[in-house]
Amino acid sequence: MTESVSLDSAKVRVAELRQQLNQYSYEYYIKDAPSITDSEYDQLYRELEQLEKQFPTLITQVSPTQRVGDKVSEGFQKVTHQVPLYSLSNAFNKEDLLSFDQRVRKLTQEPVQYMCELKIDGLSVSLRYEEGRLVLGATRGDGTIGEDITQNIRTIKSIPLQLPKAISNEIRGECYMPKEAFLKLNEEREAEGLDVFANPRNAAAGSLRQLDPKVAAKRNLAVFLYSSATTEGLEANSQEELLKSFKKLGFVTNSLCRKCDTIDEIWSFIEEISQNRANLPYDIDGIVIKVNSLAQQQEIGYTVKAPRWAIAYKFPAEEATTIVHEVEWTVGRTGVVTPTAIMDSVQLAGTSVSRASLHNVDLIKQRDIRLNDTVVVHKAGDIIPEVTRVVLEKRPQDSTPLEIPTHCPNCGEKLVHLEDEVALRCINPKCSALLKEGLAHFVSRNAMNMSGVGVRLIDQLFEKELIHDVADLYQLTMEDLLTLDKVKEKSAEKILTAITNSKTNSLERLLTGLGIHHVGSKAAKLLAQTFGDLDHLMHATKEELLVIDGLGETIADSVLTYFAMDSVQEMMQELKNAGVNMTYLGVVPTTVIDSPWLGKTVVLTGSLEHFSRPELKNILEEKGAKVTGSVSKKTDLVIAGKAAGSKLAKAEQLAIEVWSEEQLLQALEGAER
Ligand code: AMP
Ligand code: ZN
C-alpha cells in the first residue's frame, strides 16, 4: 500500500508518531504500565521509519528511530564534566554509620534527614542535555574527565533523547546490565564459543565501550538516574524531590529508596534490602546514604574526593580465602584449553566451593596465581566463583610461577595462541578430547537431540574405538552397544531409536551439532533457512553468506574454511549415505499438531539445572509453545528454576500455574513415551 503522501501531511503524522512513541516508551520504562502491546508499538515504529525513509528531510537526531547509529567509531573522545563526578566514602558496619552521622551533625545546625538509595553495581554515566536535547553521554573516567560514549548511550531505550522541558544540565546515574540479560548474553557467548563475562558489571562496561553502537544496542543495558550537576530546571530542594523531578522528566529512578531520620531506621532498611538482595533483578553492592536537603549538602560540603554529606554502606563481600592445590587444564570442544583451580573447599555465599575457573592464561599471569598460594575467592549471586587475588604475604618461599602448558594435556600436540585470542588452543583435529567433546555436543539436546546418549556412553564408545566421528554414530549396531558397560538390550534399543530418530531432524540441528567454529544454534538456523539444504550451503560463496542479516565476516569465514576441508566433505557424504536429513524443514515440525504445548504462553525464570535458557526455549517452541520474557495475564505457565525472583512473585500474584524444573522434565519425558 503506497499511497502518496504530501510532505506537509507527512510532517504532521511524523510529529504525532514521535509523540506517541515517546509516550509509550515512558509508560513502558518509567511507569511500568504499557497501554499498548509490543506489536502495536512496532507497527507505529515501522510507520515512522517508512515516512522518514520517504522524506529524509524530516529525520532529526531525537527521533525514536535514530537511537542506533551505523557509524563504527575508532575510539572514544575525552570530555570534561561540567561538575566533577565524586566518589563516595565507605562504611562497613553500623559503627561507621554512627560516626558518619556524628560528623554530619557537627557540620550543620539544622536537623538532618537522610535519603537511602540502593548502590547499583554498574558504571556511573553522565548525560548532558542542552535545551532539553541529549547531546552527550559520558563515562565517569577519573571524575573530572570521562569518555564520550554518546553513540552507545543513545541505544539505551529508557534514556530520553528529548526532554519535555528545554533544560540544560548534566543528569547522572548508574548504567547496569540486568541479571537476566547478563545470563542470556553469557549463554549466547558460550554457544558461539566466545569468552563469557565474569559479572554483569563487566558486561555493562564492555558494552558501553563498544565501538559499534549496533552491538551495544543488543546488550539490553539499563540505567537508574540519581543526581545532577546543578539543579537548573529541576525544581528540587532535596534529594527526594530531585528524584521526583527526574521521574517527571521521563528518567528511570529506583523506587526502592527510603527517607530516614536515624541510623537505626537506616539500619533496618539495610537489613531489609540485604535479605532481598538476591531477588532483585540487578546487582547491588551496598546502600548509599545521602543528606536529603540540597541546601544542607552545600553547607556540609566536600572533601577533594567525595561529598561529606553522603556515604556508601558496602555489603560484606562474599569472599573467602583458601589454598590452591592444583591447576587442572582441560580441552573443550573448540580446542580451547582452560585452567581450573582446585582448592581446599570453603563456604561461600551459602555453597561449598572447591573449584574456580581461571578463564585463561592471561588471567593466571595477570594475577600471578601459583600452586600452594593462598587466594581470595569471590562469588556473587548466581555467578561462577572467581579467584580475585593472591594473598602474597602467605606465599611459600620456594614458590615459582605456574607452568603454562605448551602441549595439549590430552593428545600432547603443540598448543597455539590464535591471533587476537587470549585462549590457548589444541588444533589437532584428531585430539580425542576435542573429538569426544564434539561428539557430546553433536548428540546434545540443542543439536541432534539423541536422548539417552550421554557423555559416559560417548566416552566408552570412543575408548573402545567404536566411533571416531559423528558419522560413525549412525553405523552403530546392537552388538556394538552390548559390548559396553551396563548397557542391556532394552537400553541399547532406546539408544538406537534415538539415533535413528535424529536422522529426520531439520538441517539447523545438524549444523549446530557439527560445532563449526562461531556457529551456534542461532547462526545455524539462519544458514539453514537461507540455503535450504546442505548442498547449497556447501557451495555458497562468501558474498552469498554475507548477505544474511545478522551473520558477519567471522562466521562466514569459519563456514567456508570448515566445508573446504576434505575430511569434512567426506564426513558429510557419510552422513548423507546413512540417511541423515540434509534439508531445512521449517520451524514447526508436523508432530506439533497434537502437542499439549501448542499455543501455550510460557515464561522461564530462575536458574535451570538441566537446560540452558535458549535450549529450553527451543525445545518448547518446537513443541508449539510461545516462550516470552515477562509474566502477564496472558501467561499460561511459568517454569521456575532455582532462585527465581520477581517473575515468580508476579505469577503467584496472578495465580498462574508454576512448575518446577522437575515437573517440567516429567512432562517432557511423559510426552515422549
Ligand atoms: P565507589 O565506586 O565504591 O567509590 O562508589 C561510588 C560509586 O557508586 C559512584 O561513582 C556511583 O557510580 C555508584 N553508585 C551506585 N548507585 C548510586 C547511588 N544511588 N547514588 C550515588 N552513587 C551511586
Ligand atoms: Zn589435543
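Using N, Cα and C of the backbone, Cβ positions are placed for all residues, glycine too.
All TrEMBL annotations are machine predictions without curation.
As given in TrEMBL:
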- 7-61: coiled coil (COILED)
- D38, S39, E40, Y41, D42, S87, L88, E117, R140, E174, K290, K314: NAD(+) binding site (BINDING)
- K119: active site, N6-AMP-lysine intermediate (ACT_SITE)
- C408, C411, C426, C431: Zn(2+) binding site (BINDING)
- 592-673: domain 'BRCT' (DOMAIN)
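Mapped onto this structure are the features recorded in TrEMBL.
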{"residue": "D38", "record": "NAD(+) binding site", "contacts (Cβ under 8 Å, 6+ apart)": "none"}
{"residue": "E40", "record": "NAD(+) binding site", "contacts (Cβ under 8 Å, 6+ apart)": "none"}
{"residue": "D42", "record": "NAD(+) binding site", "contacts (Cβ under 8 Å, 6+ apart)": "none"}
{"residue": "L88", "record": "NAD(+) binding site", "contacts (Cβ under 8 Å, 6+ apart)": "V288, A306, P307, A310, I311, A312"}
{"residue": "K119", "record": "active site, N6-AMP-lysine intermediate", "contacts (Cβ under 8 Å, 6+ apart)": "I284, D285, G286, I287, V288, A312, Y313, K314"}
{"residue": "R140", "record": "NAD(+) binding site", "contacts (Cβ under 8 Å, 6+ apart)": "L85, L123, S124, V125, S126, G146"}
{"residue": "K290", "record": "NAD(+) binding site", "contacts (Cβ under 8 Å, 6+ apart)": "Y114, M115, C116, E117, Q239, Q297, P307, W309, A310"}
{"residue": "C408", "record": "Zn(2+) binding site", "contacts (Cβ under 8 Å, 6+ apart)": "V331, V337, K414, L415, C426, N428, C431, A433"}
{"residue": "C411", "record": "Zn(2+) binding site", "contacts (Cβ under 8 Å, 6+ apart)": "C426, N428, K430, C431, S432, A433"}
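According to DSSP, D38 (NAD(+) binding site) is assigned to a helical segment.
In this structure, C408, C411, C426, C431 are the binding-site residues from D38, E40, C408, C411, C426, C431 whose C-beta falls under 6 Å of some atom of ligand 2. The Zn(2+) site is set by C408, C411, C426, C431; from the centre of their CB atoms, other residues of the chain with a CB within 8 Å are V331, G335, P409, N410, G412, E413, L415, N428, S432, A433, L434. Ligand 1 lies within reach of L88, K119 from the recorded positions L88, K119, K290, judged by a C-beta closer than 6 angstroms to any of its atoms. Comparing Cβ neighbour counts within 10 Å across the binding-site residues C426, C431, the minimum falls on C431. As a summary of secondary structure, the domain 'BRCT' (592-673) carries 33 helix, 18 strand, 31 coil according to DSSP. Mapped onto three states, the DSSP output places R140 (NAD(+) binding site) in coil.
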